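Written out below as C-alpha cells is the structure these notes cover.
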Protein chains: 4
Amino acid sequence: MKRIGVFTSGGDAPGMNACIRAVVRTALYHGIEVYGIMRGYSGMIKGEIVRLDTTSVANIVQRGGTILKSARSQKFMTKEGRQQAFDQLVNHKIEGLVAIGGNGTFTGAMKFEEEFGIPTVGAPGTIDNDLYGTDYTIGYDTAVNTALDAIDKIRDTADSHDRAFFVEVMGRDSGYIAIPCAIGGGAEIVLVPEQQQSIDTVIETLQTARKRQKSSFLIIVAEGDEEGNATIVANKVKEAIPEMDARVTVIGHIQRGGAPSAADRLLASQIGIAAVEGLVNGMRNVMAGIVDRKLVYTPFHDTIYKKKLINQGFMRMVEILSV
Amino acid sequence: MKRIGVFTSGGDAPGMNACIRAVVRTALYHGIEVYGIMRGYSGMIKGEIVRLDTTSVANIVQRGGTILKSARSQKFMTKEGRQQAFDQLVNHKIEGLVAIGGNGTFTGAMKFEEEFGIPTVGAPGTIDNDLYGTDYTIGYDTAVNTALDAIDKIRDTADSHDRAFFVEVMGRDSGYIAIPCAIGGGAEIVLVPEQQQSIDTVIETLQTARKRQKSSFLIIVAEGDEEGNATIVANKVKEAIPEMDARVTVIGHIQRGGAPSAADRLLASQIGIAAVEGLVNGMRNVMAGIVDRKLVYTPFHDTIYKKKLINQGFMRMVEILSV
Amino acid sequence: MKRIGVFTSGGDAPGMNACIRAVVRTALYHGIEVYGIMRGYSGMIKGEIVRLDTTSVANIVQRGGTILKSARSQKFMTKEGRQQAFDQLVNHKIEGLVAIGGNGTFTGAMKFEEEFGIPTVGAPGTIDNDLYGTDYTIGYDTAVNTALDAIDKIRDTADSHDRAFFVEVMGRDSGYIAIPCAIGGGAEIVLVPEQQQSIDTVIETLQTARKRQKSSFLIIVAEGDEEGNATIVANKVKEAIPEMDARVTVIGHIQRGGAPSAADRLLASQIGIAAVEGLVNGMRNVMAGIVDRKLVYTPFHDTIYKKKLINQGFMRMVEILSV
Amino acid sequence: MKRIGVFTSGGDAPGMNACIRAVVRTALYHGIEVYGIMRGYSGMIKGEIVRLDTTSVANIVQRGGTILKSARSQKFMTKEGRQQAFDQLVNHKIEGLVAIGGNGTFTGAMKFEEEFGIPTVGAPGTIDNDLYGTDYTIGYDTAVNTALDAIDKIRDTADSHDRAFFVEVMGRDSGYIAIPCAIGGGAEIVLVPEQQQSIDTVIETLQTARKRQKSSFLIIVAEGDEEGNATIVANKVKEAIPEMDARVTVIGHIQRGGAPSAADRLLASQIGIAAVEGLVNGMRNVMAGIVDRKLVYTPFHDTIYKKKLINQGFMRMVEILSV
C-alpha cells in the first residue's frame, strides 16, 4: 500500500484531530503517502482531497472539532454516488482508507468495500461511546468531563437556592454519558434508556429525600430516556410536587467541542496508529479499538449489530451514593 | 456600630462568597461582630442568623454560589414580614446590614430603613451587570468567561459541520453578557435588547456572508432580545434560508456557577471591604461600587431608577470584526 | 462489623474526597457507623476521630485535597505509636479501617494488622499510578490532565518564540504521568526512569529535527529520570546546542490539586464502595482496585512488592508521532 | 494610507492573536491592505512579510500565542538593520505599522520613525501590565487567571497537609500579577517590588498566625521582589521556623499561554481597531490604550518613561483579608 486516505464522518468529537495526526504520522513513518478527504463521503464524491504531510497535522493534537470537517452525504447512499467516490479515489491513486466516525460511517465503508474493493479500517470517533468493539470511543471522556464541569457549576446554584435541577446530557440511545455524570456530579437520580425507571419512582425518591430535609437535588436525564427529555420529566415532577423549585438545563452542543482530555488524546493516538498499521497488514472492514487496554480489531459487522452493554453495577452505585 | 449582619439575596453570582469573606474579615479587623443571615430576607424573618468568625469564611474565596444561600421572600414585601425581620435583628443586636444582591434586594432595604431605621449598605451581586453605580457587578466577569468558554466549544462543531449556531446567553434585559461573548467569540451577529435589529437584517447579513463562501456562523442572542429568544430567531432564519444547517444552544444556568474569575474575586473583595467601612462611617441606603477604578457609593434610589447604558462602540466593533 | 474508620495518608490526590464520600455512604447504606480519622496515622494516635454522617460528605465529590487531611507519622513506625493508635480505635469501638493512600500507608496497615488484628482494606490514592493491583490510581487521570493543560499553554509560547521547552512532570520513579503528557502534548522527546535514553540520543534527535527546519520543541522529563531533572537535562542540551533557545518549566504541585476528573470521581467511588464491602465480607490486608474494568482485591504484599510495568508500546508511540 | 503592516514583538501574551485579527479586519473594513510581518523586527529585516486577508485571521480570536510569532532582534538595534527593515517595507509598499508588544518594541519603533519616517501605532501586548497609558495590557487578565487557577490547586495540598506554600508568579519588576493573586487566592502575605517588606516582618506574621492555630499558609512572591525569589524567601523562613513544612512552586511560563480571557479578547479587539484607526487618522509614535474605559493614545515617550503606579489600597486589602 503506497497511498491512503483519511476522513472524518458523522458528528464531530474531541480527539478526532489527534487521531488524524496519528494516522498521518504513522503513514509517513511507514513510507506511505496520505491524503485528507474533506467532509467525509461528501468530499470523497466531489474530490475534495488534499495531500497531508507532517506539518499539516502540527499543533492540532489539542484542538476540538476536525480539520477535515464532517458532513452527512445522501449521495453516498446511492450506487451512483459511491461510483463517483471510487473514481475520485482511483484518480488520486488512493488504495486504502481510514474512516473516523461511528456506525453510519462504517456501514457506508462496508458497502463501498463490497462493491469496489477499497479496504477501510475504522476508528471509533463519537462522544456517545455506543460502539461495540472498544471500551471507550474517541471523544467520550472529554464529553463526560465537559458535562460534569457544567453540572458542578449548576450545583452551585442548586445549593444556593435549594432547588432541583433536571440536567439533560447527550448520549443518543444510551446512558454512557449520563451515568458517570450522575456519579461524579453527586446526583440523586439518573434516568437512562437502558433501565426502566418510572416517573412515579422518581417522585417517590424525591419526596422521601425532602422528608429527610434534603433541599437541593440533581437529576441527570439522558437525552434518549423513554420517560422523555429533561423538560418533560421536570414538568411531571412539578405537577406532583408543586412546592419544589425545579429548573431545567440542557447542556447541549458544548459536549461535542473543546480540547480533548488526556485520555482521549492517548486513545485517539493509539487507534490512529493501529488503523494505519492494520491497513498495511491487509486488514479491511474492521474497527480498531481498545478493550481491556489491549488493541483489538472488530469486524464492522459486529460494531454495527452487537450491542455494548452498560455496566449494571453503575446503576447500583448511584443508589448507594445518594443515601 | 458593634454588630452587623450580612446576607445574599436574589440570583446567586460567582464572587458572592468572596464578598462575604471580605465583609466578615473587615468587620473583625475593625472590631465589629458579624452575623450571617441565611436565605436573604426570608431567613431574616425566621431568625436563621449565625455568628461568623474568621474561619467561617476560610477557603471560600474561590467557591461559586453563596454559603449564606439565597431566596426570594414574599413575606418581606408585607409590613408584617418586615416587622418580624426587625424584631429578629433587635434580638440579635444587629445594628447594620450588608446586602449582597441586586435591585430587588436594595428596594427591600430602602423600605426597611424607612420604616425601622436599620442602615444597609449594598454590594452589587448579579451576573447581569445591569446596576447603575458600578462599572461591573460581582459575578459578571465570570459569567461572561463561562459563556465564552461554552461558545469556543460550540464553534468547534460549527466549523467542523459548516453550521450556524444560535447561542442564547443570559443577561435579563441587557446585552452586557451578549456583547463581549460576540466580540470574544468571533460571532457574526449579536442581538441585544438595547438595539433594534430586525430579523430581516439578520437574514440579509447571513445571506451576504454565504455568498462570500462563508460556511459557519455564530449568532449570539441575549435572552431579553425583543425579536425573541434563540429558538424563535433560529426558526425565523431557517424559514428564510432553509438550506442553512442551523442549531440552537441555550447556555443557561451554568453561567451562574463556578469558581469566580480573578477580576470578580478582586472586585468582590474591594466592595466587601467598602461596604463595611461605609456602614462604620455612617452610610446607609447606598451601594458600594467601582467606577473608573475608584470606589463610589451610589444611593439605592439611583441604582434602582437610573439606567446604565451599554457602550455603543461595542456594537460597531461586532460589525467591523465580522468583516 | 458495626463501626469502621476511614483515613487518608501520604501525598494528597484529587478524588480522595470522592472516595471518602463513597466509603461513608456505603457504610451507612449497610447500616455501619463510620468515623473519620484526621491526618492519617498521626491523628489515629492522637485520637483525632470524628463521627461522619451523610451530610459530612455532601458537596465534596468535586473537591481536590482531602477533608480528612493527610500527614506522615514517624511515631506510627514505632510499636509504642501503634499501641496508642490501637487504644484509640478500641476507645472508639472501631472494628475495621479503610486506608486511602499508597504503599507507605499499606505497609503501616499490614504491620498494624499483624500486631493488633485490626483489618484494613486499602484504596489506591496517589497521582503517581505506580501501584500494582489497579490499572489506575485515584488522582492519576486528573494529574495528567492538569499537566497536559499546562503543557498546552507552554506550547503557545514555544511556538511563538521558536523555543525548546523542557517540562518536568511528577511521577516519582515512573513515567506514568510523563508518557501521556508527551503523547497528548505533541512532545518530540520523553525521558522516563523506565527507559534508558542517553543525553546523546536526545541531542542527536534535536539536531536532526533542527535540520528539518523544525523550530520549536517540547521535551517532557519525568522527575525521577536518571539523566536528572529538567534543569540538568536542559543544561546539557544547551551546552551541546548553544544556539537553541531552551527554557525549563517545572509544573510542580499544581498536579496534586484541583477538581478531580470524571474518571477519577468514578474510580474513587467504585473503590470506596468496594473497600467497605470488602471489609464487610471479612477481607483484610488487601487493596481494592480496578483491573480491565473489573473489581480486584490485591494483597497489600503484592501492591508493595510487585512492580506495575509501563506499556512499552507507549514509548514507540512517541517516536512515531514526532515524525 | 493604502497598506499597513502588523507584527508582534517581545514576550508573547494571550490576546495577541485577537489583536492581530482586529487589526486585519479593521484595515480591510477601511479598504486598506494589510501585511503580517513575522517574528517582529527580525522578520522585518529579513522580509518575512505575508499578505493577510479576512480568512487569515479566522478562528484565532481564542488562541494563545501569536500567529505572527515573536523574536528579539539584535540587528534592529543597529542602523544597518533598520535600513534593511525600511528597504523591505518600501519593497512591500507598507506605509504604516501596528506594533503589538511592550516598551522594547515601542523604543525600536520610535527610533525607526525618527530615522525613516514610518509611522507606528502601538498596542500594549504583555502579561506584565507595566505599561503607562493603559489600565490593563493585553494578556494581563489571562495571566492572572491562569496563576490564580494554579494557586487554587496548590491550596488543596496546602490545606490537606498543613503546609506553607511560597508561590512565585511572573510580573518582571511589578506586583501587578502578584497582588490580585494574593487577594483572590486568599494568601496571607504578598511580596512585591513596589513595597519594601522585610523577611523579618514575613516571619513575624507567620509566627503570629501559627500561634492562632493557623496551619496552612500561602505566600505569593512576585518574581522581581527585592528579597529574592520564592526559593530564597522560603529558605530564609525555614531557617527561622524550622518546624514549618514549607514548599516552593514557581508557576512559570504557563502564565504566558492559553486561550485569552473574555476581558483580554475584548481589550485586544478594542485596541486593534483603535491602532488602525489611529494610523488612518495620521497618528504616529503613540500607543492605543484604555484608561477608565475610554480610548486614549499615549506618546511612546510617556509609555516608556512614565511609571504606572500600583494601587496602594490593594496592599492594605491583603492585610485586612488575611485577618
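Backbone N, Cα and C atoms are what each Cβ position is placed from, and that goes for glycine too.
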*Figure out which of B:Gly11, B:Gly15, B:Gly171 sits with B:Arg72, B:Ser73, B:Gly102, B:Asn103, B:Gly104, B:Thr105 in the ATP site per TrEMBL.*
B:Gly11
*Can you pick which of B:Arg82, B:Arg155, B:Arg256, B:Arg284 TrEMBL lists for the same ADP site as B:Arg21, B:Ala22, B:Val23, B:Val24, B:Arg25, B:Gly186, B:Ala187, B:Glu188, B:Arg212, B:Lys214, B:Ser215, B:Ser216?*
B:Arg155
_Between the Cα atoms of B:Lys214 (ADP binding site) and B:Ile254 (substrate binding site), what distance do you get, rounded to the nearest Å?_
30
*Nearest of the binding-site residues (B:Ser73, B:Gly104, B:Thr105, B:Arg172, B:Arg256) to B:Glu188 (ADP binding site) - Cα to Cα*: B:Arg172
_Cβ-based proximity (under 8 Å) of the binding-site residues B:Arg25, B:Gly104, B:Gly186, B:Glu188, B:Lys214 to chain D, or none_ = B:Arg25, B:Gly186
*So which binding-site residues are near B:Arg256 (substrate binding site), with CA atoms within 10 Å, out of B:Gly11, B:Asn103, B:Gly104?*
B:Gly11
*How far apart, in Å, are the two Cα atoms that lie farthest from each other among B:Thr126, B:Ile127, B:Asp128, B:Arg163, B:Met170, B:Gly171, B:Arg172, B:Glu223, B:Arg247, B:His253, B:Ile254, B:Gln255, B:Arg256, the residues recorded as binding substrate?*
33
*Between B:Asn103 (ATP binding site) and B:Thr126 (substrate binding site), what C-alpha distance do you get in Å?*
10
_Please list, in sequence order, the residues in the chain of B:Arg247 (substrate binding site) that are at least six apart in sequence and whose C-beta is under 8 Å away from its C-beta._
B:Arg163, B:Ala164, B:Phe165, B:Phe166, B:Ala234
*Identify, in sequence order, the recorded positions in B:Arg21, B:Asp128, B:Arg247, B:Ile254, B:Arg256 that approach chain A with a C-beta to C-beta distance under 8 Å; the answer is 'none' if none do.*
B:Arg247, B:Ile254, B:Arg256
*Have a look at the recorded positions B:Val23, B:Thr126, B:Asp128, B:Gly186 and say which one has the shortest Cα distance to B:Arg72 (ATP binding site).*
B:Thr126
_Rounded inter-Cα distance in Å - B:Gly11 (ATP binding site), B:Arg25 (ADP binding site)_ = 24
_Three-state secondary structure, which DSSP defines for B:Arg247 (substrate binding site)_ = strand
_Using a Cβ cut-off under 8 Å and a sequence separation of 6 or more, which residues in the same chain sit near B:Arg172 (substrate binding site)?_
B:Asp128, B:Asp130, B:Glu223, B:Gly224
*Which of these binding-site residues is closest to B:Ser73 (ATP binding site) if you go by CA atoms: B:Thr126, B:Met170, B:Gly186, B:Ile254?*
B:Thr126
